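Chemist: Pulled these features from TrEMBL for this protein:
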DOMAIN    72-200  domain 'TFIID subunit TAF5 NTD2'
REGION    248-294  region 'Disordered'
COMPBIAS  250-259  compositional bias 'Acidic residues'
COMPBIAS  271-281  compositional bias 'Basic and acidic residues'
REPEAT    330-363  repeat 'WD'
REPEAT    403-438  repeat 'WD'
REPEAT    445-486  repeat 'WD'
REPEAT    487-528  repeat 'WD'
REPEAT    529-570  repeat 'WD'
REPEAT    571-612  repeat 'WD'
Amino acid sequence: MQSSVPETAGNKHASDRNTLLAIAQILRKYNLKNTEELLKREANLTDVGSTEDTSQTDSEVSSVLSAYKSEGDPEVYVGAYTELKRFVEGALDIYKHELGMILYPVFVHMYLELVYNGHEEQAIQLMERFGPDQEEYYQADLKRLSHVTKKDHMKGNELTDTFKSSEFIIRMSRDTLSILKRHLQEKKHSVVLNIIQEHLYFDMYEGVARNKQQIEATAGAVVGEATRQDNKAKVYYGLLKEPDIQYLPVEEEEDGEGDGTDKPKKKKAKKDPLFSKKTKSDPNAPPIDRIPLPDLKDADKLEKVKALREASKRMTLSPDTLPSVCFYTLLNSAGVVTSAEVSEDSSLLAVGFTDSIIKIWTLVPQKLRAMKSAEQLQDIDREADDVLVRMMDDRSAETCRTLHGHNGPVYRVAFSPDRTLLLSCSEDTTVRLWSLQTWTCLVCYKGHIFPVWDVRFAPHGYYFATAGHDKTARLWATDQHQPLRIFAGHFSDVDCVQFHPNNNYVATGSSDRTVRLWDCVTGNHVRLMTGHKAPIYSLCFSVEGRFLASAGADSRVLLWDLAHGHLVAELTGHKGPIHCLAFSRDGHILTSGSQDCSVKLWDFSRLAEEMVLEDVNISHNPDIKKSDSYLLRSYGTKNSALLHLHFTRRNVLLAVGIYEGS
């Protein structure tokens, strides 16, 4: 619910009338006569036409139209803010921290009001005197704001636009809110009162006021916390039922391998029920036809069988059996390499460079072959079982290939699940789709109007998502030139994007320090999660789809429960920005890689068990787990910043990093 500070009936009537007059003035300006007449008749504004009235209302109207009213005396602000600060500091400890949340937004709006009304000197004084008192995580924003000292500077400025157009959201208990209202009524500081009524939104809840730790955990986003309404929608976080695949090809292949492999075959048969148990329909899964998915081709089915066979030989990880780590170091690449990605089956590595090229290496003995020429392809028997193998030209095989096409740094590369395609996004605002059979660019997608920071294929292929500097993320299909959905709502760059394992949702992390979850079907955001204190660079869903891990420039990994949108754990220990996260294939271990040249392994299965024990829905904010005991191991590199982490199907951890010479 929205609470605002009570006004007297007279004031309210006057302000309502002024608002209606402002609308009438806009209608007159655009020559919408009939609509203006209708409004006047319905709102009883019959006396507006007279000239003497117009001159008097014009000034009132323009004050309604401008976001900030002029308070006349610029000297009032420092006194009003000091008074508010004294009131917060003098409040009882139980309410003090919740009341303290209003200081930052009130301070920012006071500063902007002074700038808007041309009181540059007083604005600078206010900033210098009270700016350093604000929370550490707001200091970067305040530094950017301090450069806005004239009304003209406010035009088109991302931060001032955000504050002018969006209410700052504060979650507050009923008791704390009533104390604040009483204080404001007694003091009658019109400056503070105006700001609180115009620019703050109180999301009131019943219950005990939150303590400092609880507030700190979810504070830090550009426009305050998420309202409870933001996380009310139902999220189908379960996994889709796996298609039933005949295991015949496996047995044929294994028979062909000789008698020695009979035992593994029996072992495989034992494993099958385990796999079918997993594919029972999940009660939290979306309906299978909720989003149209591509049909499985024969090649995909064979690939799935191969993946199952690999998975049957997988190491089950635990605190006692940690994964082996294989590290790929990119030498002489500091400042040149921007991104790296390993394909799902761990056979290919793609790397994006600042000089707009993409390189692809094979990580297995098979070399990268190109397709034969059109003339040669005509001679091939199309009915042959191995037609795909025959189409490739062995003479062209190489261990590394280069793709040219972008004309700006390549910020992200992504393999399709079947490894036949690669997506790349760049500063040149385009996304390109490359064929890994002909090694050429197939499509150039244009939709974003600014650099594109991230691109990801959906787990089932066909769909992909992008994120960019234009504050939007977009959902695309490979065969459509235009995006299918535009996810708009972030207040700053969308830095990273990730698909939910069931294809129905996309998560985004932004420089506005929030994580959002979007529904691919409706295009709406269904979760808004606040708690990061700096831009977010990496997202990763847990294997069973219920939890989301996010990390970024604040060197912390946060874990969110998608069922309710709650923050459930905070993992600290890294000393630099975190650019990559990965869950092991069995979901037991979460790994994070940072610019501090280390990889950390966290005990996720223990965390999940401890979280499920509590019913998180009871309290409005469950306690956040912070214990260092979840850290299982930390591996340091000599001097290589981590770029990418990937678990193979057998649970070996592959890491890619950039070696930076001393």
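For all residues, glycine too, the Cβ spot is worked out from N, Cα and C.
Curation plays no part in TrEMBL annotations; they are all automatic predictions.
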Chemist: Taking a Cβ cut-off under 8 Å, which residues six or more beyond the ends of the repeat 'WD' (445-486) line up next to it in the same chain?
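Modeler: Distant Cβ neighbours of the repeat 'WD' (445-486) are 293-294, 408, 411-418, 421, 423-433, 492-499, 501-503, 506, 508, 510, 518, 520, 523.
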Chemist: Per DSSP, what is the residue tally for the domain 'TFIID subunit TAF5 NTD2' (72-200) in helix, strand and coil?
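Modeler: Helix, strand and coil residues of the domain 'TFIID subunit TAF5 NTD2' (72-200) number 98 helix, 7 strand, 24 coil.
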Chemist: Grab the pLDDT values for the repeat 'WD' (529-570) and give me their mean, rounded.
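Modeler: So the average pLDDT across the repeat 'WD' (529-570) works out to 92.
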